[in-house]
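Student: Here's a structure for you.
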Protein chains: 2
Amino acid sequence: MASLTFQQNFKLGILGGGQLGRMLIQSGIDFNIPFTVLDPDENAPCAGITEFHHGKLTDYDTVMNFGKDCDIITIEIENVNTPALKALVKQGKKVFPQPEVIEIIQDKRIQKQFYKDQNIPTADFILTDTAAAVQAHANFLPAVNKLGKEGYDGRGVQILRTAADLAKAFEAPSLLEKLIDFEKEISVIVARNEKGEIKTFPVVEMVFHPVHNLVEYLFAPAEISPDVAEEADRIARQIIASLNMVGLLAVEMFVTKDGKVLVNEIAPRPHNSGHQTIEANGTSQYEQHLRAILNLPLGDTAMIIPGAMVNLLGEDGFAGAARYEGFEEVIAISGVHVHLYGKKFTKPFRKMGHVTIVDRDINSLKEKVALVKKTLKVIS
Amino acid sequence: MASLTFQQNFKLGILGGGQLGRMLIQSGIDFNIPFTVLDPDENAPCAGITEFHHGKLTDYDTVMNFGKDCDIITIEIENVNTPALKALVKQGKKVFPQPEVIEIIQDKRIQKQFYKDQNIPTADFILTDTAAAVQAHANFLPAVNKLGKEGYDGRGVQILRTAADLAKAFEAPSLLEKLIDFEKEISVIVARNEKGEIKTFPVVEMVFHPVHNLVEYLFAPAEISPDVAEEADRIARQIIASLNMVGLLAVEMFVTKDGKVLVNEIAPRPHNSGHQTIEANGTSQYEQHLRAILNLPLGDTAMIIPGAMVNLLGEDGFAGAARYEGFEEVIAISGVHVHLYGKKFTKPFRKMGHVTIVDRDINSLKEKVALVKKTLKVIS
């Protein structure tokens, strides 16, 4: 039985040593899981809290060499060498999420085609290989032009609103997706273990700034109808089951103004939209990921207390050794939990940490969010 | 300001690398605190999750050498070399709890005298230096005979019920304390930072087995009257203020059958009776300890959900590489949080971990406690 063996003579390898890996390791201390991490940055957030190897995640030999000492291998970032992971599976290693799943998600074109094939609701799209092919679809605008591969955190994604924008179309395999005039953006995190057990977390809502139209904070419980919540939950379960995936999957969705739920993107790992589960839910997304890949029973995901999550980004105009202005003020507020990622250097908009705020009173919770956002700054 | 500096070019040293240190480090990841640990056992629970030094905590030179690279030094066990800590303070290091406080608590005779001098309610006692001195007080029985120094976890403590028991009296500096026929045993954890801010956690109750008269589990909220709760809280605050202590202090108390509250023992560090604060309270005892010694604002201690804590001890009759029987069964129960301490080898009654169980329904909570105790076993 896995439960009796994984605390002894066992190693769980993580490809990527960023904040998601860091919180995974922090959680895994409870189950006494021995970790080893591979990351190209020797000062990555995971360095110093576990066995750490320095190397490129996209290099076949580096990943093979790292994997040979592991019993199970997982990821905290999708941009990894999947041929090496496939070869490790052939050697008898367990790799979760499976390399084939990672490959579907690495390429937004394959990902979209997968939704279509599986009848998973998503925005209409056209696959294009050249800028000219995009430009031939002026009638499809407004649309989002996304590079198939290696887009990340906003890079490789652009909105084409009018024919005038067509000049900047990607000259590479990409897709053109109908721009959704959405009412809300929501997310459901779902886990599945090898036995096939599936559990979802309650729906999280991305709350937008009323003026700037940027995500201001994440909030659970999402302020949506029971029907929308049920449909979002159903879609998340359908995707992880169709992928036959083992691990944790974040499913980001749009709720349209007429109440439809459409899949936007998925990520096969712990996710920004699940940070608040550490404090606000019966099981955190990190422990749930570990339970899933170790084939343990999945944990209870019920919300214990309403929670909001604010990303702590490097302040614009500052670069250098990070300092946290307002830290004392915000940790004095009840229900405020600051998580710093251990990055030595800040730069504008770098993810340096996050803050979870929990409060039984929704109005008080939203006031605290505003106060935290106003008070806590990462400067140099 | 400490808040702006402790995440860079800073080191917090912990004397002791056991489970309390391990959970302190796990908590400190959130504030990005760089730790270093000293422990005589190179396989101690803290090894592998932080910088680790192997050496004796009671050796002057070892502690001096360890301390020289630290900015703040704390403890997770009382049996440390305090002359070295005093010398480190003279060199400008911060040591919390202060060495003088550790010395009071290291010697149960000085500790008792301190309560008496400060008018802190505690059981009557007599100081004795020899077995003969104990034996001269047959009229004081039933009593507890405690060695002044180096008693730990039951060692150095014995009950003398009748004159026949006097033969085993300690031939060493000890104390003879009136045996309290208590109604309940309770604990309050209190923290104080350098600014003098003091916060207490809600009272925790040690629940005894109705037949075996052993602590079965810990439970919060304690089932006591508001008057008793208030008096326990007042006493905890009085002690930490009288000691002028910086850090976390666990105050174990008896509630007598006539409703009086008497101090039993204190520990100047995170404590077994505070483990459940990780899941059940607004701030965990570990983060509170860090906040106190870093002179940060103390966190909100309010209970979020009722919780119980069961120690996970090595099963009698088993010694060797630890295995956790029933692990899968118990983690499948909602509200059950298993914390393993990373000790490779089990032996009878060794503290191998703990389980916190949270549940809004007190009856359901107590049923789950019974189920966890029956199901989860540490064997080899």
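Placement of Cβ uses the backbone N, Cα and C atoms for every residue, glycine included.
What TrEMBL records for this protein is below:
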BINDING   A:Lys108, A:Lys146, A:Glu177, A:Lys178, A:Leu179, A:Ile180, A:Glu185, A:Asn264, A:Glu265  ATP binding site
DOMAIN    A:112-294  domain 'ATP-grasp'
Student: Quick check: in three-state DSSP terms, what is A:Glu185 (ATP binding site)?
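Tutor: Where A:Glu185 (ATP binding site) sits, the three-state DSSP reduction gives strand.
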Student: Specify the secondary structure state of A:Lys108 (ATP binding site) as given by DSSP, simplified to three classes.
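Tutor: The residue in question, A:Lys108 (ATP binding site), is helix (DSSP, three-state).
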Student: Just to confirm: which same-chain residues, 6+ apart in sequence, have a Cβ under 8 Å from the Cβ of A:Glu265 (ATP binding site)?
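Tutor: Residues satisfying the criterion: A:Lys108, A:Gln111, A:Glu252.
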Student: Provide the number of Cβ atoms within 10 Å of the Cβ of A:Lys108 (ATP binding site), excluding the reference atom itself.
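Tutor: That number is 24.
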Student: Enumerate same-chain residues with a sequence separation of six or more from A:Glu185 (ATP binding site) and a Cβ-Cβ distance below 8 A; give 'none' if the list is empty.
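Tutor: When sequence neighbours closer than 6 are ignored, A:Glu185 (ATP binding site) has A:Glu205, A:Met206, A:Phe208, A:Val215, A:Glu252, A:Met253, A:Phe254, A:Val255, A:Asn264 within Cβ distance under 8 Å.
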Student: Which of A:Glu177, A:Leu179 (the binding-site residues) has the most other Cβ atoms within 10 Å?
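Tutor: Answer returned by the neighbour count: A:Glu177.
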Student: Where does A:Leu179 (ATP binding site) sit in DSSP terms: helix, strand, or coil?
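Tutor: Where A:Leu179 (ATP binding site) sits, the three-state DSSP reduction gives coil.
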Student: Would you work out the biggest C-alpha to C-alpha distance among A:Lys108, A:Lys146, A:Glu177, A:Lys178, A:Leu179, A:Ile180, A:Glu185, A:Asn264, A:Glu265, the residues that bind ATP according to the record, and give it in angstrom as a whole number?
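Tutor: That value is 19 Å for the farthest Cα pair.
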